[in-house]
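Asker: Okay, here's the structure, questions in a sec.
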Amino acid sequence: MSSDIRDVEERNSRSSSSSSSSNSAAQSIGQHPYRGFDSEAAERVHELARTLTSQSLLYTANSNNSSSSNHNAHNADSRSVFSTDMEGVNPVFTNPDTPGYNPKLDPNSDQFSSTAWVQNMANICTSDPDFYKPYSLGCVWKNLSASGDSADVSYQSTFANIVPKLLTKGLRLLKPSKEEDTFQILKPMDGCLNPGELLVVLGRPGSGCTTLLKSISSNSHGFKIAKDSIVSYNGLSSSDIRKHYRGEVVYNAESDIHLPHLTVYQTLFTVARMKTPQNRIKGVDREAYANHVTEVAMATYGLSHTRDTKVGNDLVRGVSGGERKRVSIAEVAICGARFQCWDNATRGLDSATALEFIRALKTQADIGKTAATVAIYQCSQDAYDLFDKVCVLDDGYQLYFGPAKDAKKYFQDMGYYCPPRQTTADFLTSITSPTERIISKEFIEKGTRVPQTPKDMAEYWLQSESYKNLIKDIDSTLEKNTDEARNIIRDAHHAKQAKRAPPSSPYVVNYGMQVKYLLIRNFWRMKQSASVTLWQVIGNSVMAFILGSMFYKVMKKNDTSTFYFRGAAMFFAILFNAFSCLLEIFSLYETRPITEKHRTYSLYHPSADAFASVLSEMPPKLITAVCFNIIFYFLVDFRRNGGVFFFYFLINVIATFTLSHLFRCVGSLTKTLQEAMVPASMLLLAISMYTGFAIPKTKILGWSIWIWYINPLAYLFESLMINEFHDRRFPCAQYIPAGPAYQNITGTQRVCSAVGAYPGNDYVLGDDFLKESYDYEHKHKWRGFGIGMAYVVFFFFVYLILCEYNEGAKQKGEMVVFLRSKIKQLKKEGKLQEKHRPGDIENNAGSSPDSATTEKKILDDSSEGSDSSSDNAGLGLSKSEAIFHWRDLCYDVPIKGGQRRILNNVDGWVKPGTLTALMGASGAGKTTLLDCLAERVTMGVITGNIFVDGRLRDESFPRSIGYCQQQDLHLKTATVRESLRFSAYLRQPSSVSIEEKNRYVEEVIKILEMQQYSDAVVGVAGEGLNVEQRKRLTIGVELAARPKLLVFLDEPTSGLDSQTAWDTCQLMRKLATHGQAILCTIHQPSAILMQQFDRLLFLQKGGQTVYFGDLGEGCKTMIDYFESKGAHKCPPDANPAEWMLEVVGAAPGSHATQDYNEVWRNSDEYKAVQEELDWMEKNLPGRSKEPTAEEHKPFAASLYYQFKMVTIRLFQQYWRSPDYLWSKFILTIFNQVFIGFTFFKADRSLQGLQNQMLSIFMYTVIFNPILQQYLPSFVQQRDLYEARERPSRTFSWLAFFLSQIIVEIPWNILAGTIAYCIYYYAVGFYANASAAGQLHERGALFWLFSIAFYVYIGSMGLLMISFNEVAETAAHMGTLLFTMALSFCGVMATPKVMPRFWIFMYRVSPLTYMIDALLALGVANVDVKCSNYEMVKFTPPSGTTCGDYMASYIKLAGTGYLSDPSATDICSFCAVSTTNAFLATFSSHYYRRWRNYGIFICYIAFDYIAATFLYWLSRVPKKNGKISEKPKK
């Protein structure tokens, strides 16, 4: 991870001619044995400054323009003029041919020195203080305390209790907050940090470190700071900082959130642009300045080689995790904040790289007079020595604040003992841990009382001289905070601001520049992910061809028979254009965390980002619109007129932007994606139904007509229809009456059958059709355009406002979650407090253990295990005598052009009862070795031999080991005990009884000390187990499997605080003491942690062994080995791990004096290892037994038992996931209520029948929302299975997949039943069935179809996600297939009018059979009752009754009826007499109902079978995979 930093530092080291300096930064950095950013001697720095100020072109440019330039930061002056003889930036920095060039200032030079660069910039600024206005910022806080809302110990939400739980929370919100409902996160504390100082904050998770950093960085969102607290920044208040100077005080959270598709350079360059000051170096323009600062930041933090590499994330491949962390650090460094708060910024970095980061901060502080506060969990001694001050916290109490060099003595004087080789930081943190701190023997012998609780230690602090001195410093600093100090900061900030930037704004560049730079960034993103836009255009073009060609045949007639289909095609067009932007909500939530972070850095307004995103999305939207609409318009054969087409295109573009801005508003108004999808889905349904096609405006029920009036698409659809039909005369396609008996009739004796026809006319005017059918008038054509534009503008500004002012979800403190039944039991037993104090905000760390816990001492190996003998009695952990050993292990992976060796002839063994550490530099192959030994690599070639008691590994091996991954992966809804039992049930042999497995689980809980939270739910960060508890559970899950051979642990202490790391090592030590064999990778542990291990296997770069052997007491055996091979002496107080890394050249700035792999292979120790391996291979096979047939099985449990247990667990998870289930049911209820009451009790008129048909069509649109909710749930299950449970052989893929099928079905049956009960009766289908005398059969079959449809949604979702990695991709594919199935189901275009080519799509669409059956079940076998406007009116021949006149026609047509057959003046004729005739026009028939049901069930079965096959094909490892093992003879 830090190799690139090391390369830079090595070059700097070689170029450095002096190692001492009177400069404070140089003095601090020069104290360490291996140095990173080497300092220059004071004389060299001053000489460099003189050279730059006398010879540089900057100075010349300044001199030449002195007459015309002035120092007002906001005048048009020469500093913005870009000199034509500069290459990007002044040649002093970048052009080697320029006189005075210094390579130490050139970030592209191998000799670049960040210290020299910072010093040079400081010299430039101080050379002209009136222009550059240098300033600094410190912070003092007095009586600072913070509080948050108290949280009950929560109970697990379930499907049954979530509603009363939410109601209870709602009632609490209505009540005024009481004092007992809050708790103090921070007790009153004080501090003073002056410019140029570094402060380290130490404390365990939950002690208040994060809250302190947020409080002093004016970032108190989520908690409250007491009114009497004083926080002052040179006289500025927290409110001043938030409103006007937010960018001067920055809080950096530990998470690394970036736009994954941007390169490292683009990410940092955007930040540099936003922070380029107006009063920058004279003669350098903005772009050159930003570019140079970006290159300096990349060179400083070892990122230059990643310049054009994507930053990436968990899903997008990019830079490594450590490099991503450095990008985050560089981002803050470019911001140039004068006061910086770093919250666990070194997490994910090894100690060497973390040290380089602290040194960079020290350089900035010493030279640039910045102030920085760093909360750090594991801090080496070298890093600690760089800090000026330290603050120690415990349980919200301040235990110490003062000089870092005095802290150790302070606590020793208090009565605590610091063991040898323990770092000062670890010692200070251990004071807060009852199980780790050691009371000095001298105090014990004298009987002196030593403060032990946080409150006692805080009181001791308040009585100390150090506290009195601190108060004096604070008071003195507050007195200096005058108006003059505030004016200096105000003037400096104003000088940095660009023209037209409001003086009160915290931003450096103005709003227009922000939008400009963000536009460029967005276009970079689009270029990096151009394939997404390309596929969107291609996909929409294909859909245009498909949908357009569907109407191609019927539209060619251009007569009245096309009326319905023209409306349907127009409806399709506007919906497709409008809803093409629905999935923009996903991208909003992808970028929101970045925007919120940049807002706190004061880079840009969130609304500027929103503005830029809208502008940058215009080109792809317009391209997509052009491709779709040109193809669709001309394929459908809409009106061929240039003006008409462009109006059509204009309206559809407006529809696109209207709905785009509306969905963006929804996304900005909500705080999570889940919150946004529900209202978005509801809006989609409402807008679709009330556009005016599914149910015309004149037919909308009175209670819901307001929805039409506020629906923007209603007006746009009206304009489109007017545009298509106005001033057109459509020839009549069918007359009434017609036939052989009516050849000679003329005039008013016949009429066209289309709506809007007049007797005697052989055509229908388009305007008449629109007026009669939709109540549309031509004068409203441009009204729709105007209203649409108004909506676009309105939603756009609402979107900007919401983005600017909508804050993210507040962070919550941590709480433990139990099952509700268990909470009642615990409260009854008195084991649970009524109130539980949440832990540290933001980091979601666990609250501190009870400070009254019995004091324990650190024990050496001979007395390991702090449990009493009674505690250890009866422990039944699996013990094994088998020895695991390997020899000449090599691992090669294919790369471009050949093979790359990762492991090179590694030997070793792990014996029962021993704890072996696997160490090495970053990239040495530690985790790879662990994976090879555990059979977890998925590609490459393994050579060498891996034995168990002298026998090569066999099929029983994977079941005989436990593997604890670095990530703590668990099912969040299970309790601790349930997780352990699940592992025991499925991984222990089936011959072991359930009772015995349960007893063994209890033993595991006991030895891991998890009794207090054994019934707690695993949960998620902040609401469940904390970091340490999760790590214990990870180990427990593997122990519950009763591995008879050994346990592998990968980086069990990575990312943990020192106390939790110590507890984890103590736990491993305890397991080894009880006979467990353990092999553990660990990254540069502290000296105290190193003493817990028995043996060490150390690898260097290239996977080569440097040492394998005993560590000895105090690591003496290992130290003696290296010293005997020529290494320099290990200082008595040094960390042996860091000393060893330095010796072998694995630490930054260090160089090995010899090849220690060669030294090892030529050593006596190596020969002893080989002899031991020879003995093992010769003698161990005879004492071991051959694995039984049972042990050779891939899984301990049968497939049936696996399926049973996994299904039970999954049912349990669904029950405990109310968000997913209630979202499904709420969407179902809303959709069906909305549809049902929109078409409430539809009558049997022609319009009523069409409404009932379209209601069935709309009934299916719930497919997409339900599908999109299901996919993430499956992905979570699959990730857990594939990452942990499949490699550990817990259960097979078939049991996993079948359980996914089975468990989803009952909930879909329930959802389908709910939908049926609401929809079927609300629309009025039951009335039709009752009138036909078929109430029970039709109702039952309709119900079966309803539940089958919801099961079909689940089957399609499973099919889509079975082979897709990402839920979004599966959702896109599912939506596309559903759209095609719905388009060809026969509703919008009947099979009679479809081109012959598409008939096969009609037949393969599963919705064809469902909608055919539902329509028949809903309306078949009853009479039609036309409304008055649907009756065709004409006059019969004189002297003839209507009945006689129409008899021949009715007989020929087979349908139709007269309202009054005896009438002789006006005949009122309805063209359809029965609903069966209506069904026939859509090729629907009642007799096919059961056949259609059977076919639809076959589709569901096919989906499940295909999904199972595709999952096996794409995701199940095959035995003939990419991994090959070649044992050596």
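Numbering starts at 1 and runs along the chain as it is shown here.
Using the three backbone atoms N, Cα and C, a Cβ is placed for every residue, glycine included.
As listed in Swiss-Prot for this protein:
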- 532-552: transmembrane segment (TRANSMEM)
- 553-567: topological domain 'Extracellular' (TOPO_DOM)
- 568-588: transmembrane segment (TRANSMEM)
- 618-638: transmembrane segment (TRANSMEM)
- 639-642: topological domain 'Extracellular' (TOPO_DOM)
- 643-663: transmembrane segment (TRANSMEM)
- 700-720: transmembrane segment (TRANSMEM)
- 721-783: topological domain 'Extracellular' (TOPO_DOM)
- 784-804: transmembrane segment (TRANSMEM)
- 884-1127: domain 'ABC transporter 2' (DOMAIN)
- Gly920, Ala921, Ser922, Gly923, Ala924, Gly925, Lys926, Thr927: ATP binding site (BINDING)
- 1220-1240: transmembrane segment (TRANSMEM)
- 1241-1312: topological domain 'Extracellular' (TOPO_DOM)
- 1313-1333: transmembrane segment (TRANSMEM)
- 1341-1361: transmembrane segment (TRANSMEM)
- 1362-1368: topological domain 'Extracellular' (TOPO_DOM)
- 1369-1389: transmembrane segment (TRANSMEM)
- 1397-1417: transmembrane segment (TRANSMEM)
- 1418-1492: topological domain 'Extracellular' (TOPO_DOM)
- 1493-1513: transmembrane segment (TRANSMEM)
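Would you situate these features in the structure and describe their surroundings?
Answerer: Beyond the ends of the topological domain 'Extracellular' (553-567), by six or more residues, the same chain brings 636-638, 693, 721, 724-725, 730-734, 752-755, 757, 764, 769, 773, 1388-1389, 1393-1395 to within a C-beta distance below 8 angstroms of the stretch.
Listed as Cβ neighbours of the topological domain 'Extracellular' (639-642) (distance under 8 Å, sequence separation of 6 or more from its ends, same chain) are residues 723-724, 728.
Packing against the transmembrane segment (643-663) from elsewhere in the chain are residues 573-574, 577-582, 584-585, 614, 617, 621-622, 625-626, 629, 633, 680, 683, 687, 712-713, 716, 719-720, 723-724, 784-785, 788-789, 791-792, 795-796, 798-799: each is 6 or more residues past its ends and has a CB under 8 Å from a CB in it.
Listed in sequence order, Lys926, Phe1098, Leu1099, Gln1100, Val1106, Ala1146 are the same-chain residues six or more apart from Gly920 (ATP binding site) with CB atoms under 8 A from its CB.
Residues 159, 162, 674, 677-678, 681-682, 685-686, 689-690, 695, 700-701, 703-704, 1214, 1251-1252, 1254-1255, 1258-1259, 1261-1262, 1265-1266, 1269-1270, 1273, 1307, 1310-1311, 1314-1315, 1318-1319, 1321-1324, 1350 of the same chain lie 6+ residues outside the transmembrane segment (1220-1240) yet bring a C-beta within less than 8 angstroms of a C-beta in it.
In the predicted model, the topological domain 'Extracellular' (1241-1312) has a mean pLDDT of 92.
Beyond the ends of the transmembrane segment (1341-1361), by six or more residues, the same chain brings 1228, 1260, 1262-1263, 1266-1267, 1270-1271, 1274-1275, 1278, 1300-1301, 1304-1305, 1308-1309, 1311-1313, 1315-1316, 1319-1320, 1325, 1367, 1370-1371, 1373-1374, 1377-1378, 1406, 1410, 1413-1414, 1417-1418, 1489-1490, 1493, 1496-1497, 1499-1500, 1503-1504, 1506-1507, 1510 to within a C-beta distance below 8 angstroms of the stretch.
Assigned with DSSP, the residues of the topological domain 'Extracellular' (1362-1368) fall into helix, strand and coil as follows: 2 helix, 0 strand, 5 coil.
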Asker: What is the Cβ neighbour count of Gly923 (ATP binding site) at a 10 Å cut-off, with all protein chains included?
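Answerer: So the number of other Cβ atoms within 10 Å of Gly923 (ATP binding site) is 18.
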Asker: Inside 10 Å of the Cβ of Thr927 (ATP binding site), count up the other Cβ atoms and send me the figure.
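Answerer: Neighbour count, Cβ to Cβ under the 10 Å cut-off: 16.
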Asker: Looking only at residues six or more beyond either end of the transmembrane segment (784-804), which have a C-beta under 8 A from one in the stretch?
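Answerer: Residues packing against the transmembrane segment (784-804) from afar: 595, 605-607, 609-611, 614, 650-651, 654-655, 657-658, 661-662, 664-665, 668-669, 712, 715-720, 722.
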Asker: Below 8 Å Cβ to Cβ and six or more residues apart, same chain only. Which residues does that give for Gly925 (ATP binding site)?
Answerer: Tyr891, Ile902, Leu903, Leu1099, Gly1102, Gly1103
Asker: Looking only at Cβ atoms, how many others are within 10 Å of the one on Ala921 (ATP binding site)?
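Answerer: I get 25 for this one.
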Asker: How about the transmembrane segment (1369-1389) and the transmembrane segment (700-720): do they have 3 or more C-beta pairs under 8 A, pairs 6 or more apart in sequence?
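Answerer: Per Cβ check, the transmembrane segment (1369-1389) does not touch the transmembrane segment (700-720).
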Asker: Of the stretches 532-552, 700-720, 1397-1417, which racks up the most C-beta pairs under 8 Å with the transmembrane segment (618-638)?
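Answerer: The stretch with the most contacts is 532-552.
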Asker: Within the chain of Ala924 (ATP binding site), which residues six or more apart in sequence place their C-beta under 8 angstroms from its C-beta?
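Answerer: Within the chain, Ala924 (ATP binding site) has Cβ neighbours under 8 Å at Leu1099, Gln1100, Lys1101, Gly1102, Gly1103, Ala1146.
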Asker: What is the Cβ neighbour count of Lys926 (ATP binding site) at a 10 Å cut-off, with all protein chains included?
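Answerer: Taking every protein chain into account, the count is 25.
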Asker: Given the transmembrane segment (1493-1513), which of the listed stretches 532-552, 568-588, 1313-1333, 1397-1417 has the most Cβ pairs that are under 8 Å apart from it?
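Answerer: The listed stretch sharing the most Cβ pairs with the transmembrane segment (1493-1513) is 1397-1417.
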Asker: So what's near the transmembrane segment (700-720) in sequence-distant terms, Cβ-Cβ under 8 Å and 6+ beyond its ends?
Answerer: 570-571, 573-575, 578, 647-648, 651-652, 654-655, 658-659, 662, 686-687, 690-693, 774, 776, 780-785, 787-788, 791, 1237-1238, 1240
